[in-house]
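S.K.: Dropping a structure here in structure tokens format, bear with me for questions.
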């Protein structure tokens, strides 16, 4: 029986030459080993550089900003309704200076709602679409709001009397003069005077109302030398339950001691400051809670932004 020889000079009838056969076998073994080693290296690389976007962080930011987005839209809608209603009732709305905008409650609602709407929209879409540009804009806006709030809080805490003086000098005349021109402002002033038991704004108290053309003593109106009913200690008729809108008539002609028996004589800015000092711990706690919440949201936004950037860098490499 003949022996089979793979690479012998006697195997003249073998189909492939020996060098071709062994070359093909070596190449196949090398290719298999290379694929195995490449797969191992790829698994190690994937394990070391694995990145992901946390769905918890992503949808927490989305849900929070979606709520504020709806709230901002609601503010815009209510503000527009009040502005249009005022326009139809009075036929004009005075918007000439910054004070006119600040003292116009409907415009303040529209502007505030617009800011909340835009910022929360950026956070909402930025988180949902994983857009780092919108997330950077969102976190920057929150940081600016946080710094402004901290600045106002520090000034109010360290220099309360100075802040009171600045507010009195800046807003007393404008607010008193605009009392009857803007129904929304009038309702707000009446509410503040009743809640804080005050009359007027500055340290002059109820005498501030002499700057209003209707309550000035030179006015031909029946309200001359008077103050709004919201300054009265007992503006409501106990027997009938009706509001006595004439309870403050002629009060400015009385001595302060005598007027103090009928109306509140202290200014509202001073009374608000006293109320804030009495409730300092409560206000500080609420302010601290808001500040920590803002910092937490900023941290979440920056965390999400970093995760997205890290994932993009992994794709590019």
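Note that Cβ sites are derived from N, Cα and C of the backbone, with glycine treated the same way.
TrEMBL entries are annotated by machine, without manual review.
Taken from TrEMBL, the feature transmembrane segment applies to 14-36, 57-81, 101-125, 137-159, 280-301.
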S.K.: Same chain only, please: residues at least 6 beyond the ends of the transmembrane segment (101-125) with a C-beta under 8 Å from a C-beta of the stretch. Say none if there are none.
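M.R.: For the transmembrane segment (101-125), the far contacts come to 61-62, 64-66, 68-69, 71-80, 82-83, 86, 93, 95, 131, 134-135, 137-138, 141-142, 171, 174-175, 178, 182, 184-185, 188, 297, 301.
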S.K.: By Cβ distance under 8 Å, which residues at least 6 away from the ends of the transmembrane segment (57-81) in the same chain are close to it?
M.R.: 106-110, 112-121, 123-124, 126-128, 130, 138, 297, 300-301, 303-304, 307
